[in-house]
């Protein structure tokens, strides 16, 4: 083992955070220094030249001053016996650089801890420095050799039921966490006695996963008796009733990994069989899926949320015969945050068990995990919600603590699929059964069964064993394979595909062959395996991520294999399909068959559940408002996390990748996160698209189960009504149900809620629920040490509805931004509560530690339908200037958020509304506030009247020029604050979370910027005509210069880049680095080259650096690239990851001596922003005629800080005239202030060119915003093109 010292691993503020945690734990630590340590396992010794090459490979990241280490060593490495995702990618890079003797390279962090610490205190510090789920600690470097040990395979065991009977299996059930019900134990004993043998542990694990509540949804399929009366339908049948009543536009429901609805016809953009990107006119259907990943997120929030998103993405990709995930959503419900130093008056501490983390930890790490996976995979995350609730209340079961110690972690999204791929094909006998994706590792074992238990029923080791790990770059490679398959149309080699989720291969392969009407013979040792010491059940049942199972016909296999090799996606043929429905898993190592079962024993005839339950009634207590002050209530509500600003959850997630995002969360020139819904364009040549929104009112279930469900459905509609969708038939719903099954009253309540929407509301509205998910163990129980009394926190019955819709014109989406540039306007409240003002389970009740008695409800489905249809008429006719639904926090919050987005004052008169001031301002009845031009008032009122809304529509106010938010009742002022006062209160939660999680200096700068009353917001200044197509004369010649759209494994922004160059008149050619390294393509044939954005090699060895070094240290590749850059008829562009890559290649590129390196952002966080930049005077072929222009652009990167050697180097770059693009503030001044400069680069530098202008690199993404509609905000006068299209047309003009 070769040990190589690496660069410092922690910045100053990261060290300070560790020291602060040590001080909180009263540990006498005076200093901590950390640096990376690399460990190389070699098959033969390296020459001195090879070792130098390896050392250069392992030199990466920002320049931080090195120290001479002092103090006690705590070496943190990946857990021995595992291969980390970092190692697999770093090893790939080493091999691509010719270092074949490197069997594996791993990375650790060497912490040097100073201070007078005894052994116990050092152990406590060690616990703070590592994650026991994925890491191990050592006291000396030599111990890292354990990383490369290879254990002998362990044998399977069996449970002796032939002699021990039922009792033997019952004991094993508890010890191994199978979560088998009593009748399932009986069923297994009976069947194995029939087979005349004992069950192997692998068979029991497999059965437990395949038949867990998580996988088989036993409660939703159960028969029900409530209060002694048999019920006519199961829960699932009531959901299916919505489809039976309204099947229109549903192409697939209930039978696949995701549901599919009718989409739009447009030009799908992807490479043809010759590799040139082109439009393919076809129906682009919409697929939808929403999952939850609650149990793992309570144990390990980052990995739990990351793998939740990853599993949902795989569900989408594995729909039909392969499809394309497009846009994501994420949501969290947790108990009270109790941010230290920022605790709120309603946040009581009811304790928690030691095995789960705090709500604050979940909301610190969980969103980062979900965002990181989506970012690296390349899916924009455009929608979400965040709710906190934890309170002792009197509900259906009397006085008890209700909250979310077991959190809700929601992961979902939409995608697209070809019509002829919606239905899975037949699996031919003899078809190859393939595992696509990563290797088996001993992680996530028993996840399906563990998540099916109430938290506290399994032991702590099993809880930790049930959490999976994430490798999104691997999943991206797999998706590229799936994409290349579906793009072949009729020649698609995939006959059948499933994702690998709960239960691992032991669930996925049986499901695959069973659904395809076949059986299967499998070879256990053909499964790619990074932990050879695993026992058979661990190999077969582990939940290693980023895997799919597929059936490919023998005649199609060569084509499939070639695609996998080009994309460098790991695959293995594990078995073949058989005509007999039997499952055999052979083990060549031990020469036995660990699994040998008829499929119907595993999947077919397990006992059906029967639920015999009793309903309970709640007697609420009316909300006591006698001591509630209107102003105090407003301040509390703005600090309730459910209502407070969500920027800390949003800017960590890429919202522009694909270049198809038409509406993200951030609204208007001030980028305020208040959007009602998310909207995407179907493709680059159309305005058709897709929308999705969320609806949830979970606390209402504490008073009225059915009303809570109805409110969730209704809120999803009031959120999506601002998009141009048309008929309700164009909307389909996903329903995600969470309940504490078995808790008194909750089962009957669940039945009541499902019936309310499945049998009643959705059929009345014409809505269908073709997809959903349930999680039935939402209760946490524990005993404190030394206390025999059991404690518990039980979640309210929770329904999260996601609405998906086909959009006719994505340009017509209305946002909450109040418009100050449209003349005289009025605000109208449409009150679907019709003046009832019911306050039960409201946010106001929560912040005063009450519950209330009567909740809002959907009293009239017809009125709700009328509201939706009226909004659709007004949206289609462009009569609405702004729209925002009323929800948490009531009218006050709705109006305040609209004012924040519009950067304006507003005056509201509630004189025409019923109820007292508190009820009028803070009730959460359904409805919306719309802004309309006074010149359109008559037309708008006529539409409202035509839809039965006249009597519940009230003109409530208008804008003011005082920058104040004022609520009056007649001549009396009820509430008055400056907009800035309320805006900064609303921002406090996000500031507190950012300051704790990220660089506190950056967090403070962002918070302080919100006090700037005169901030003009994003603005545009152009020195050219953006509608002039300067490439048109060249396109008219018919010549299409070949443009290499270059990508490496993990790159994810190549499609939008190709679309931009295609529009400019180039022949955009798909070029993978493997094409160059293996000689399939040469750069000699191209005039232009663009290195695209993404996460090449998952940013291992530095962002873009691994990609660059695979060129620099590969003689053939180095020669090709150097030759290309030196040809005077070529030009090149690097964007984001491509910018980082080309800047590392600068020794090959003439005239780039002033180029910086691009390293970790100053915030040390991935930054997704819509930032203002200015083009500088520079020689770049891309920016000809654009100097002095100022316009916004998408930014999405974690390592974009331009690092120069020193201040003199910065000055030299500026003096050279090669700086091309700078970040500027909203006043037009170059800036280093965060977040206007999201990475902290000196002088705002974010783009630079070579001295001759032929090579240009920039961190922001022009290719994602070349269409006007893809900009988060743009001036009304922009038509189809944004100003960034000029860049690509300049390149075409340059070629001539």
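Placed from the backbone N, Cα and C atoms, the Cβ positions cover glycine too.
According to Swiss-Prot, the region 'Disordered' annotation covers 300-325 (among others).
The ATP binding site annotation in Swiss-Prot covers 304, 305, 306, 307, 308, 309, 310, 311, 312, 313, 314, 315, 675, 887. Secondary structure at residue 306 (ATP binding site), as computed by DSSP, is helix.
Residue density at residue 885 (Mg(2+) binding site): 26 other Cβ atoms are found within 10 A of its Cβ, drawing on all protein chains shown. Residues or ranges marked as Mg(2+) binding site by Swiss-Prot on the basis of sequence analysis: 715, 719, 885.
The domain 'Glutamine amidotransferase type-1' feature in Swiss-Prot is assigned to 1043-1296.
Marked as active site, nucleophile by Swiss-Prot: 1136. Shown in sequence order, 1053, 1092, 1093, 1094, 1196, 1197, 1200, 1259, 1260, 1261 are the residues of the chain, 6+ apart in sequence, with a C-beta less than 8 angstroms from the C-beta of residue 1136 (active site, nucleophile).
As annotated by Swiss-Prot, region 'Disordered' applies to 1232-1253 (among others).
Annotated active site per Swiss-Prot: 1261 (among others), in sequence order, evidence recorded as sequence analysis.
If you look up Swiss-Prot, you'll see 1263 (among others) marked as active site. Long-range Cβ proximity for residue 1263 (active site), meaning a same-chain Cβ under 8 A and a gap of 6 or more residues, is found for 659, 1053, 1056, 1057, 1059, 1060, 1092, 1135, 1284, 1288.
For the region 'Disordered' (300-325), same-chain residues at least 6 beyond its ends with a Cβ under 8 Å from one of its own Cβ atoms are 131, 133-134, 252, 256-258, 260, 287, 289-293, 357, 361-362, 364-370, 372-374, 377, 379, 409, 411-418, 421-425, 444, 464, 467-470, 472, 475, 478-479, 482-483, 485-486, 492, 494-501, 545-548.
In three-state terms derived from DSSP, residue 1136 (active site, nucleophile) belongs to neither a helical nor a strand segment and is classed as coil.
Below 8 angstroms of C-beta separation, residues 651, 1001-1002, 1005-1006, 1009, 1139, 1149-1152, 1154-1156, 1161-1163, 1167, 1169, 1171-1173, 1178-1183, 1195, 1197, 1200-1202, 1204, 1207, 1210, 1213-1214, 1216, 1218-1226, 1259-1260 of the same chain, each at least six residues beyond the ends of the region 'Disordered' (1232-1253), sit close to that stretch. Summary for the binding-site residues 312, 715: the Cβ-based neighbour count within 10 Å is maximal at 312. Cβ contacts within 10 Å of residue 310 (ATP binding site), excluding its own Cβ and spanning all protein chains shown: 30.
Listed in sequence order, the residues of the same chain lying 6 or more apart from residue 314 (ATP binding site) and placing their CB within less than 8 Å of its CB are 257, 475, 499, 500, 501, 546, 547, 548. Using the Cβ center of 715, 719, 885 for Mg(2+), the list of other same-chain residues with Cβ within 8 Å runs, in sequence order, 676, 693, 694, 695, 714, 716, 717, 718, 720, 721, 887, 926, 928.
Between the CA atoms of residue 675 (ATP binding site) and residue 719 (Mg(2+) binding site) there is a gap of 9 Å, rounded to the nearest whole number. Sorting the region 'Disordered' (1232-1253) by DSSP state (H, G, I as helix; E, B as strand; all else coil) yields 3 helix, 5 strand, 14 coil. In terms of DSSP helix, strand and coil, the region 'Disordered' (300-325) has 17 helix, 2 strand, 7 coil.
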